[in-house]
């Protein structure tokens, strides 16, 4: 599979489901979601469904759901502004025309005296030609601004993010990472159904034709008891022992059809990174079945998550170097290497990256979902929200930190791969 396509498909899928989690829970809470975006930068494709514009942007390195009220509204109607009003069948303001009013001859033009488009949903002003009479108009809950011919939905306060309960906001933010864990689980269950679930029993699975194990007379189903006199209690024991003995003869005692046999195998020496290890051309056995696959999906998701959390802890304590982190360039190279081995391994990589994305997003760093959740938990404990300006300042610092970290990691990737 072409590496670029594989990278875009994997990364795009992970981002899509992450942002979909945010979108679904936000919409359930009644929050107006203005945009659901995959990628950053200029739009290359977009369409609108119901209240939300769905876009694909040029740089496939993330995504976002733009919820009303998270940022200051871009369009304001202040006293002294001249706007045009269009009405619905209930005589409520349906559209407020900000500019190019000449294109809407049916609009009632007023000079605004007062406008409350969040709580009271009313706009008051003087009609052109009747400046002595102040008129007040009720504004529909589903009204729009029209700016440069484009409609922008007005967000009453009850449709804004900060109007919702702390619990509703926590669910909307946490849903993104949770969706990544669910996606990884589903992928792993699919892999279990497609190829079986790897077993850690000390039993041989399929053998590679002309591999060292096959040449030595070993067969699928052989239960390994000892290697060089050491008891083999699991497949992991077998792998570790074989890895440690490249091109060194091993005495293997096994059971086959209730008969004890002794075989001699010399593992092939192969390069694995900077070291040489032994392999003997045998796979571990697999178990099949729906329940087995469901269980495997859960345990493997938990195992991978635990491993990632452990490594993050080592990063904090200095046991794990920042040079070992991979950014977009490193992930692209990883995708290139894995793509050469087939679709199954690409799916495994996608599951790993999905879990990784979920965990990283839960880190309590401002600008990440975890940082936003931290603010919400503090609000729940205090009983009142954190000052918006202070929160914005902390988020700015978080964004700067993440940008710096991304630059460092990307530079490390480039040095490691190309220099």
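Using N, Cα and C of the backbone, Cβ positions are placed for all residues, glycine too.
As the structure is a computational prediction, the values presented were derived from the model and not from experiment.
Going by Swiss-Prot, these are the annotated features:
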- 4-24: transmembrane segment (TRANSMEM)
- 18, 22: Zn(2+) binding site (BINDING)
- 19: active site (ACT_SITE)
- 173-193: transmembrane segment (TRANSMEM)
- 184-269: domain 'PDZ' (DOMAIN)
- 349-369: transmembrane segment (TRANSMEM)
- 391-411: transmembrane segment (TRANSMEM)
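Away from its own ends, the transmembrane segment (173-193) comes close to residues 13-14, 17-22, 24-25, 290, 292-294, 296-298, 300-301, 304-305, 344, 347-348, 350-352, 354-355, 357-359, 361-362, 369-370, 372-373, 376 of its chain (Cβ-Cβ under 8 Å, at least six residues beyond either end). Only residues 6 or more beyond the boundaries of the transmembrane segment (4-24), in the same chain, are considered here, and those with a CB under 8 A from a CB of the stretch are 33, 36-39, 52, 60-65, 172-173, 175-180, 182-183, 331-332, 335-336, 339, 346, 349-350, 353-354, 357-358, 361.
Per-residue pLDDT, averaged across the domain 'PDZ' (184-269), gives 93. Taking Cβ-Cβ distances under 8 Å and a sequence separation of 6 or more, the neighbours of residue 22 (Zn(2+) binding site) in its chain are 65, 172, 173, 175, 176. In the domain 'PDZ' (184-269), the DSSP tally of helix, strand and coil residues is 25 helix, 27 strand, 34 coil. Around the Cβ of residue 19 (active site), the same chain contributes 36, 37, 38, 63, 64, 65, 176, each under 8 angstroms and 6 or more positions distant in sequence. The Cβ of residue 18 (Zn(2+) binding site) lies under 8 Å from the Cβ of 63, 176, 177, 179, 180, 357, 358, 361, each on the same chain and at least six residues away in sequence.
DSSP classifies residue 18 (Zn(2+) binding site) as helix under the three-state reduction.
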